[in-house]
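Colleague: Dropping the structure in here first, questions after.
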Amino acid sequence: MANVESFDLDHTKVRAPYVRLAGVKTTPRGDSISKYDLRLLQPNQGAIDPAAIHTLEHLLAGYLRDHLQDVVDVSPMGCRTGMYMAVIGTPDEEGVLKAFEAALQDTAAHDRPIPGVSELECGNFRDHDLHAARQHAREALAQGLKVQQTVLLQR
């Protein structure tokens with residue numbers, strides 16, 4: 001099986017909430033695509049409810065694009081402790097941190113209908129929790145986001 005970057009991360013050494021550059025790939029044409037780990041909860045000490053992380057996905061997909069150029073995708077982690085974000089290019093981690101903070105502030109203040117929540121727009125449109133999503137955003141902001149360096153497992 002191919003190596004998976006997140007399986008080499010020592011999840012006991014990172015301290016959420018944080019932004020971490022998880023990797024950079026170069027396309028055959030020479031473009032860079034950067035993947036960021038946008039962690040909200042400490043690994044193995046909790047998980048975001050599926051309805052809340054689904055709502056965070058919808059909100060952060062838009063709000064991160066409002067604050068950072070060239071966002072390709074924002075997707076929830078399977079462990080439900082945060083999101084992955086793919087971006088064209090190699091924005092610096094401090095810039096990504098500022099964009100993530102701004103997007104979380106927007107999420108915490110969101111008081112309108114959740115975007116993309118209809119049977120036509122979403123594959124599970126009934127599974128959302130705006131209140132819980134806003135609470136996770138507020139909690140991460142209250143704890144203070146930081147840039148986290150990658151800590152590899154010692155094997």
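For all residues, glycine too, the Cβ spot is worked out from N, Cα and C.
So Swiss-Prot lists the following for this protein:
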type: BINDING; residues: His54, His58, Cys122; note: Fe cation binding site
Colleague: For His58 (Fe cation binding site), which residues of its chain lie six or more apart in sequence with Cβ-Cβ distance below 8 Å?
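Modeller: Long-range Cβ contacts: Ile114, Pro115, Gly116, Val117, Cys122, His128.
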Colleague: Take the mean position of the Cβ atoms of His54, His58, Cys122, the recorded Fe cation site. Which other residues of that chain put their Cβ within 8 Å of it?
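Modeller: Neighbours found: Thr55, Glu57, Ile114, Gly116, Val117, Asn124, Phe125, Asp127, His128.
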Colleague: Other than its own, how many Cβ atoms are within 10 Å of the Cβ belonging to Cys122 (Fe cation binding site)?
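Modeller: Here the count is 17.
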